[in-house]
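Residues annotated as active site, nucleophile in Swiss-Prot: 10. The (S)-2-haloacid binding site annotation in Swiss-Prot covers 11, 12, 41, 118, 119. Residues or ranges marked as site 'Important for catalytic activity' by Swiss-Prot: 14, 151, 157. Per Swiss-Prot, region 'Important for catalytic activity' is recorded for 175-180.
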């Protein structure tokens, strides 16, 4: 993997657990937290795809709020303004997966350029990584806002290529979202899919270059490659 000089990470679901909002959802609607979180995430993604197709962009914070409104209406829950604000705020304070902080530090020590490439707005990306104390670990926090379209549009992946100043073949794209990894693979990024939950990959004509179960396993890919290079 010595040809890899930079890594672009998806944020939501890859580095940070989107379902860490379950607790807040349970506080607002006891016993309904998991149900709310699952549908909220589903609709959030659907709204980004639909808005891209319709060329009707709103930023991710708005799409997230719209998805929450739908979720509560669908589940017959009364979402007042205060609860809506509290739950949307929870998306700015997501918890990183447990192995993420140490893994990012190890990748950084290897001299790799690190970027986040996210559907999130600049403010929401910064809020999430700063709340977790991880802001200094990244060279770039890249939002879709400049191109006003969501992943998996090629214009989004181009943002990472431009910001990192590397050819796409030298940028490893890491995502836990199979649809995102598929889009990145079609764009030309070497791609690593973090399959935390034992899912099957999308049937869309592409497969990831690597499939792992955690970010720590991404570090191990580089360690293994370095060990082989030393022996070779």
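Numbering starts at 1 and runs along the chain as it is shown here.
Using N, Cα and C of the backbone, Cβ positions are placed for all residues, glycine too.
Shown on the structure are the features that Swiss-Prot records.
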residue : record                                  : Cβ contacts under 8 Å, 6 or more apart
10      : active site, nucleophile                : 116, 117, 118, 151, 173, 174, 175, 176, 177, 180
11      : (S)-2-haloacid binding site             : 116, 117, 118, 119, 120, 125, 128, 129
12      : (S)-2-haloacid binding site             : 18, 94, 118, 119, 120
14      : site 'Important for catalytic activity' : 174, 175, 176, 177, 194, 215
41      : (S)-2-haloacid binding site             : 13, 18, 19, 67
157     : site 'Important for catalytic activity' : 8, 117, 151, 168, 173, 183, 184, 187, 189
Model confidence over the region 'Important for catalytic activity' (175-180) (mean pLDDT, whole number): 98
Which whole number of Å gives the largest C-alpha distance between any two of 11, 12, 41, 118, 119, the residues noted as binding (S)-2-haloacid? 15
Where residue 118 ((S)-2-haloacid binding site) falls in three-state DSSP terms: strand
Grouping DSSP H, G, I as helix and E, B as strand, the residues of the region 'Important for catalytic activity' (175-180) number 3 helix, 1 strand, 2 coil
Packing count at residue 118 ((S)-2-haloacid binding site) (other Cβ atoms within 10 Å of its Cβ): 27
Around the recorded (S)-2-haloacid site, report the further residues of that chain (criterion: Cβ within 8 Å of the mean position of the Cβ atoms of 11, 12, 41, 118, 119; site residues excluded), sequence-ordered. 10, 13, 14, 16, 18, 60, 120
Counting across all protein chains, other CB atoms within 10 angstroms of the CB of residue 151 (site 'Important for catalytic activity') number 24
